[in-house]
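Q: Not my notes, these are from TrEMBL:
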{"type": "TRANSMEM", "residues": "123-141", "note": "transmembrane segment"}
{"type": "TRANSMEM", "residues": "147-172", "note": "transmembrane segment"}
{"type": "TRANSMEM", "residues": "192-214", "note": "transmembrane segment"}
{"type": "TRANSMEM", "residues": "220-240", "note": "transmembrane segment"}
{"type": "TRANSMEM", "residues": "247-269", "note": "transmembrane segment"}
{"type": "TRANSMEM", "residues": "281-302", "note": "transmembrane segment"}
{"type": "TRANSMEM", "residues": "328-346", "note": "transmembrane segment"}
{"type": "TRANSMEM", "residues": "352-371", "note": "transmembrane segment"}
{"type": "TRANSMEM", "residues": "383-403", "note": "transmembrane segment"}
């Protein structure tokens, strides 16, 4: 045991072979137990120190390797960040990383695209017209009840769903034309795919009919159905349809929906379904239908004025293409002035002083504003014509604020 232990040491450390043999004899003689014990202790101390040094070297080796690995990983990560920064990407945009700003931007962009897809000026016009016509069915203050609010809400929501279907179908049918006339629309710009557009219009037309059916109001259901038929025939590109190709038929479709169906069907919805009263056609309702007939024709004509370039390219024979922008523009202005003149006469013949004053003064102011704005429009600027078209829609909204006051 001792021999094996000592024989494992290097020769130079014990002074050579001769030294080792001589001392080994001394250790092995009787009476040399103390020397052997001392040698064992020294050997054990040497082994402990050797093991401690080896452990320290091993730890240092592992620490060095770990440091190199961490440094390599750090360099790789820094390189990724540098590439992202150079490319203009955010530093935290690693795959699978949670990025609230990116999610919020996506939601905001999708909402904005849907907002443009829904054609908000038509949505506002539909909602205001239904609320205004519903007020014509109110005969006394007790009619303002939760029942009234429920009936109006049912009609507005179902009609807005159908409105989105109609304007969405029109965009699906006019993608190539809109790339020229309205490149900001989501289908024309590529923000929405055709599949997305089909999904949206299909969902909204189903929701509209479903709501109209469960409400159980026949005037509401027929208003939705006729709007669906005319809106589809107006836009869809199949034989015998796509009525927008004919200027007269296109104007009649818009007039039928905006002037007749909205006024009569939604009034009857409130009168017969909500209030359970017999159908009747009051003076304000007749006025609203006649006035909005003028206005619907104006909208049908004017909407094609800024779209003349695309309509020419794709063979849409609108009145603007046939007669020119300037002539159609002033036809629209004079039609509206005639409508305001009739409204002033109707207001002046009212037996209610408050209704007379508001109706006469309100329509006179609107006619004056219209005339002053029309004279300043630059008909060579598409942007100016489009802005004026949106102004006509504001006049449309204003009229529905005045209609409930006609008596």
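Just so it is clear, glycine is given a Cβ too, placed from its N, Cα and C backbone atoms.
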Q: For the transmembrane segment (192-214), which recorded stretch in the set 123-141, 147-172, 220-240, 328-346, 383-403 gives the largest number of Cβ pairs separated by under 8 Å?
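A: Maximum Cβ contact count belongs to 147-172.
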Q: Please report, as numbers and ranges, the same-chain residues at least 6 past the borders of the transmembrane segment (220-240) whose CB is under 8 Å from any CB of it.
A: 154-155, 158-159, 162, 165-166, 169-170, 172-174, 205, 208-209, 212-213, 250, 253, 256-257, 261-262, 265-266, 269, 273
Q: When you scan the chain for residues with a C-beta under 8 Å from the transmembrane segment (281-302), skipping those not six or more beyond its ends, what do you find?
A: 129, 132-133, 136, 250-251, 254-255, 257-260, 262-264, 267, 319-320, 328-329, 331-332, 335-336, 338-339, 342-343, 346, 389, 392-393, 395-396, 399, 403-404, 406-407
